[in-house]
Protein chains: 2
Amino acid sequence: MTPRRPERRSEESARAIVQAALELCREVGYAKLSIEGIANRAGVGKNTIYRWWPSKSAVLLDGLLSAVSVQGPFPDTGDVVADFKTQMIAASSILASPDTGPHYAALIGEAQQDPALGSALWDRLVGHLVAAATERIRSAQQQGQIRPELDPEFVVELLYGPTYYRWLIRRHLPDPDHIRMVVDTAFAGIAPSGPAVG
Amino acid sequence: MTPRRPERRSEESARAIVQAALELCREVGYAKLSIEGIANRAGVGKNTIYRWWPSKSAVLLDGLLSAVSVQGPFPDTGDVVADFKTQMIAASSILASPDTGPHYAALIGEAQQDPALGSALWDRLVGHLVAAATERIRSAQQQGQIRPELDPEFVVELLYGPTYYRWLIRRHLPDPDHIRMVVDTAFAGIAPSGPAVG
């Protein structure tokens with residue numbers, strides 16, 4: 001038998017560690033998640049984890065990134081309203097799934113105390129989704145479907161903010177009907193249209 | 001000299017404790033805030049704190065509530081767009097001030113792990129603000145300034161969500177120009193008006 005190459009063994013350990021963090025966080029919750037628990041579950045020493053990650057939140061972020069796709073193309077059928085509904089409903093499964101939602105909420109919560117984690121969350125997760133959305137918004141602006149003077153990042157805030165608010169502040173899981181209504185209303189406005197406006 | 005009444009001394013201790021929690025959280029951050037540190041700062045024993053509060057987050061919530069006003073009337077000049085700008089800019093000072101913003105962010109973060117804290121935050125803080133806003137929205141709907149078929153709580157999400165998203169996810173402090181733009185755009189919609197719509 002040929003011994004396995006060390007780097008191969010490292011990759012396997014790393015995978016086992018992030019998987020253990022994901023599973024344990026689901027089972028015991030973020031507050032009770034510990035490096036020791038992750039090490040026991042993954043069958044490695046605590047030092048192995050500390051060699052690669054500074055904290056349990058860093059391991060969990062890698063776990064979350066292994067479970068979600070952040071690089072997919074944004075739908076572009078030519079109908080920007082339909083495309084945002086499609087993409088936002090798909091992306092909201094990250095928030096709604098018990099395998100990823102509580103982990104993501106815990107990391108956003110922890111990021112309020114840990115600016116480095118906040119930056120990592122943005123650079124490695126949210127920023128990719130926002131970049132794809134802003135690109136889609138620019139193309140819709142070029143086609144006259146979104147007001148050209150609006151900053152695409154502002155449009156992202158208007159479209160995605162209500163769902164995050166409901167989820168983080170009200171603790172309501174996103175639902176597709178709500179998302180469709182957010183998109184429709186963001187496009188049309190909350191003021192009555194036509195001559196009824198006061 | 002007459003000895004002070006025990007209940008008077010309790011009130012004074014309670015005030016000293018919540019004040020100590022506010023100050024310490026500002027100085028050392030929520031992660032390093034401890035019941036022991038609060039007790040030392042307030043000049044009481046740890047048991048005194050545990051007799052009244054279950055956790056540091058519960059003390060801090062009382063501290064936050066002592067520092068912000070949640071019961072004030074919502075402006076009603078008849079111009080709902082102007083009134084929302086006025087109220088949202090005033091309320092956003094809770095998020096922007098170093099005396100309250102980091103505390104509130106920490107509590108929202110902690111609430112992701114602690115449903116009882118999440119309920120307390122809603123019942124004692126956010127819910128009051130939302131109730132005042134929904135009442136103002138209902139009156140605007142009666143005056144034909146907001147589409148009557150929209151759920152007032154949904155309108156609240158649309159108006160307040162973008163600021164919370166920016167603050168919690170982007171870590172940008174709210175700014176009045178951004179809030180004015182959110183309100184204007186929520187009312188008017190992001191789609192171009194007139195015959196240019198695709």
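Each residue, glycine too, has its Cβ placed from N, Cα and C.
Whatever TrEMBL says is automated annotation, not expert-curated.
According to TrEMBL, the domain 'HTH tetR-type' annotation covers B:11-71. Averaged across the domain 'HTH tetR-type' (B:11-71), pLDDT for the predicted model comes to 94.
Within the same chain, residues 13-14, 16-17, 19-21, 23-24, 28, 59, 62 sit at least 6 positions outside the DNA-binding region (B:34-53) and bring their C-beta atoms closer than 8 Å to a C-beta of that stretch. Positions annotated as DNA-binding region by TrEMBL: B:34-53.
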